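Peer 1: The structure's right below; bear with me while I get my questions together.
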Amino acid sequence: MLNDKAIRQSKIIYWSSGIVSICGIIFEVLFGALGSYILGDGVKQYTLTISLFLTGMGIGASLSEKFMRNLIIKFVWIEFCVALIGGFSSFIMFGITAFAPAGTDAFYLYSITLIIGALTGVELPILIRKANEIGVTLNKSTARVLFSDYAGGLIGGVLFVFLFRPYFGMVKTAFLVGLINLTVALIVLWLFRKEIRHFIVHAVIGGVIGVLLIAGLFFGEEMAFNFEQKLYQDPIIHMEESSYQKITVTQDEKDIRLYLDGSLQFSSVDEHRYHEVLVHPAMANVETPENVLILGGGDGIAAKEVLKYQDVKQVTLVDLDPAVVELANENRHLLEINEGALMDEKVEVKNMDAFQFLEDTSEWYDVILVDLPDPNNESLNKLYTKEFYSLVRNHLKPEGTLMVQATSPVFAREVYWTISETISSTNLNTENLHVDVPSFGNWGFVMASREEIDLDIMEIPVSTRFLTDDMMPALTAFGKDEDQQIPNFELKANTLIDPHLIQIYEKAWENY
């Protein structure tokens with residue numbers, strides 16, 4: 001039968017187990033998010049970080065067999081290490097990305113993931129042994145510590161998704177979680193102080209770590225911002241981290257640029273070239289374009305071009321991230337570019353997944369414009385599949401027209417023609433177009449309809465800055481190094497079952 005002191009100590013151990021588990025899972029998913037943002041390909045990065053973290057836990061658990069005495073002070077020092085290393089992890093990652101040679105950031109991220117995983121793996125066996133040492137039977141100590149650990153894992157994941165990432169960002173989150181680890185260590189240190197030699201020395205060291213973490217919490221994000229500025233050619237004037245992505249706006253004199261997770265979305269100097277080709281051939285191919293659907297395009301620029309047509313009665317814009325739409329409606333630089341298009345009474349904005357929207361809606365559209373980010377992760381890749389384009393076709397009126405941004409036929413030749421082949425596989429007639437956009441390079445589009453498309457007779461009935469009637473046929477001319485005749489490459493449709501486009505995309509862009 002446990003006495004009151006042993007009961008109190010065992011409760012401390014169980015609570016400590018749950019809290020450090022919360023911290024561990026937050027660090028685990030934080031490293032995945034860091035890898036996804038900085039290195040790209042979210043599925044790959046989350047897979048690697050989770051695997052490395054679990055491997056580290058296994059290594060730590062194996063090493064813990066050597067820890068049989070002085071368990072509390074060993075636990076305290078493990079928490080000190082997790083707090084310091086984990087707390088500064090995001091801050092250092094941004095610094096390495098800005099200043100170190102290519103590849104160093106990946107090596108650092110994977111190393112830090114393994115180290116934090118190993119430290120986390122040591123914690124549980126120590127706590128189980130300590131609970132057993134104070135009188136709790138082994139079966140009870142194991143069950144209760146593991147219960148606290150697993151329950152903490154769920155709580156940590158939920159907290160990261162709904163609290164830490166959207167409200168604190170990656171740098172502050174790491175420092176905050178490090179402070180939580182440190183707090184657990186200091187509480188345990190105090191409550192078990194009678195068992196610990198040189199208590200004051202350990203407490204002072206913990207205090208120093210606390211000062212460093214608090215300094216990082218208040219000043220680290222600003223310094224990391226300066227690191228991140230090195231990744232952009234122009235000064236950053238706006239940066240936020242939404243629930244879905246990091247949104248960055250830069251300015252150099254009159255050049256306003258929007259980046260999502262570090263990928264350029266447009267430059268105000270030449271965006272008209274991109275958006276006019278995206279919008280006007282499709283709109284001009286329909287006699288009376290009354291009902292228009294835009295998938296993506298949360299910056300509002302495509303909507304601005306669509307609203308030039310007097311026949312348009314309804315524009316539905318579907319963009320997953322409400323933060324992008326909010327920025328487009330409130331930032332004075334973006335408002336100047338999109339002319340407040342998203343606030344027009346004809347425009348209805350829906351913040352939801354494009355795939356889900358098409359599954360749910362019963363509407364038919366005269367024109368559908370697909371202005372989505374490139375297929376650089378699994379979530380986006382599904383929006384470049386035969387299944388997705390089949391849904392698009394099913395909501396296209398018989399005489400309607402589809403236009404899809406399809407990456408670069410020069411830099412990502414195989415990607416561009418795979419997207420074209422995928423759209424063709426839905427029994428739509430396609431026309432391939434491309435245009436030079438200085439900030440992007442040569443950029444490609446795929447136009448599709450149930451009817452034959454003839455750009456030779458097409459006329460644009462609205463004002464433009466770049467595109468003319470005479471130019472439209474020229475958009476379909478591809479050079480030998482960018483056409484469909486790709487040596488040693490088999491074109492096949494991208495599907496949900498065989499999502500090979502993402503691998504093609506990674507390979508195409510790895511040198512750019």
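Including glycine, each Cβ sits where the backbone N, Cα and C put it.
Worth saying up front: this structure is predicted, and the values here are computed from it rather than measured.
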Peer 1: Since Swiss-Prot lists Q245, D353, A354 for S-methyl-5'-thioadenosine, which candidate among D270, D319, D366, D374 does it give for that site as well?
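Peer 2: When Swiss-Prot describes the S-methyl-5'-thioadenosine site, the candidate it includes is D319.
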Peer 1: For the record in Swiss-Prot, which of the ranges 48-68, 489-509 is the transmembrane segment one?
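Peer 2: Going through 48-68, 489-509 one by one, Swiss-Prot flags 48-68 as transmembrane segment.
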Peer 1: Using a 10 Å cut-off on CB atoms, tell me which of the recorded positions H275, D353, A354, D371 is the least crowded.
Peer 2: D353
Peer 1: Could you check if the transmembrane segment (108-128) is in contact with the transmembrane segment (199-219), meaning 3+ Cβ pairs under 8 Å among residue pairs at least 6 apart in sequence?
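Peer 2: Answer no: the transmembrane segment (108-128) and the transmembrane segment (199-219) share fewer than 3 Cβ pairs below 8 Å.
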Peer 1: Expressed to the nearest Å, what is the distance separating D353 (S-methyl-5'-thioadenosine binding site) and H275 (spermidine binding site) at their Cα atoms?
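Peer 2: Counting only the Cα atoms, the answer is 22 Å.
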Peer 1: Among 19-39, 48-68, 151-171, 172-192, point out the range having the most Cβ pairs under 8 angstroms from the transmembrane segment (76-96).
Peer 2: 172-192
Peer 1: Per DSSP, D371 (active site, proton acceptor) is which: helix, strand or coil?
Peer 2: strand
Peer 1: How many whole Å apart are the CA atoms of H275 (spermidine binding site) and Q245 (S-methyl-5'-thioadenosine binding site)?
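Peer 2: H275 (spermidine binding site) to Q245 (S-methyl-5'-thioadenosine binding site), Cα-Cα distance: 23 Å.
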